[in-house]
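Scroll down for the structure; my scribbles are underneath it.
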Amino acid sequence: MVKRIAVTPGEPAGIGPDLVLAIAQYDWPVQIVVVGSLEMMQERAQQLGVNVQFSTYQASDPITPQKAGTLSIIPVALEEPCVAGELNPANGRYVVETLRIASEKNISGEFDAVVTGPVHKGLINQAGIAFSGHTEYFANQANCTDVVMMLATEGLRVALVTTHIPLAYVSKAITRERLQKVTQILHQDLITKFGIEQPKIYVCGINPHAGEGGHLGREEIEVMNPALDELRENGMQLIGPLPADTIFHHKYLQDADAILAMYHDQGLPVIKYKGFGNSVNITLGLPFIRTSVDHGTAVDLAGSNQADPGSFIQAIKSAIELANNQSSNK
Ligand SMILES: NC(=O)C1=CN([C@@H]2O[C@H](COP(=O)(O)OP(=O)(O)OC[C@H]3O[C@@H](n4cnc5c(N)ncnc54)[C@H](O)[C@@H]3O)[C@@H](O)[C@H]2O)C=CC1
Ligand SMILES: NCC(=O)COP(=O)(O)O
């Protein structure tokens, strides 16, 4: 059966709409439905010199694969007209509304996955909406207390125990419960979503040299080791905590199904260095499939035809693969 995938273009003044128009140039084996402003998408297509025929999505329409040069859309009105490259906090509410609609339609089962374009987190907050990221927003919409952000590229998967919180809060946020919950979700999804029978997860320490036996911090001894030992007793293959500055050595990576990093900037710079433009952000632990790009809004490139759609294409391919795996697991 043909899958139906919702796509949110994200921040309208950024490159998200350009990326959506780029993927609309190809045939896809799924139905792709954009949740966003029709006028804005039409204007951006004109600005980029791209020819796309838009149609309004109807849930009752037959689900047919995406044809190059067309786009089906669920129209969502902007608060104010958008100029590519010019951020406008007035449209923060619009961005969140597109995410709300996409998550609602995934939770209800009308769609099989959502692929998100990049949003400007600061701008949404400027609009008066507390927002730290799609990961946290979708978790909240789906009533999930724990979800996991994982970025994947060829030869490397990096998952995070904490996501969008200030560095000063990281140590306190890594409790025995959170570490165990994240590790369990990662382990389970590596099996069910990625078909890895016995996942091997390498775990980063939080402190330099993983605490150097307690001389450079005690979280590894007091929180991490007991939490991981308990999971090992239940059969999980967990290696670490190892120093984060050596864990990304080829010697470990060739054997690792995923690296579990303790915080955003411990894990993500490594994967972005290895595969920027070719990595995918996947939210694990949600009741629906969500993938995204590995980059931000790149407002400097919006409407210029210079945005690289590589990561967005990977995000769509990954969503299709995950949706197909989900069907065959049922
Ligand atoms: N998935 C999401 O919604 C994400 C959103 N962001 C948001 O993006 C905003 C801007 O973040 P920055 O740190 O400036 O990162 P950024 O990724 O937007 O830009 C960093 C540099 O990479 C370039 N770049 C990014 N994507 C590109 C692409 N597809 N093709 C060619 N060049 C590209 C940009 O032009 C810029 O020079 C922030 O507000 C942040 O919250 C950041 C990461 C992910
Ligand atoms: N650096 C990754 C990032 O910010 C993506 O976050 P999210 O919006 O996918 O939660």
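Think of each number as a place in line: the chain as shown, counted from 1.
Just so it is clear, glycine is given a Cβ too, placed from its N, Cα and C backbone atoms.
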**Item:** One of HIS264, HIS295 listed by TrEMBL as binding divalent metal cation at the site of HIS164, HIS209
**Value:** HIS264
**Request:** With an 8 Å cut-off on Cβ-Cβ distance and a minimum sequence separation of at least 6, pull the same-chain contacts of ARG290 (substrate binding site), or say none.
**Result:** ASN106, ALA113, VAL114, VAL115, THR116, HIS134, PHE138, ILE282, THR283, ALA319
**Complete:** HIS264 (divalent metal cation binding site) falls, by DSSP collapsed to helix, strand or coil, into helix
**Request:** State the Cα to Cα distance, in Å, between HIS209 (divalent metal cation binding site) and LYS272 (substrate binding site), rounded to an integer.
**Result:** 22
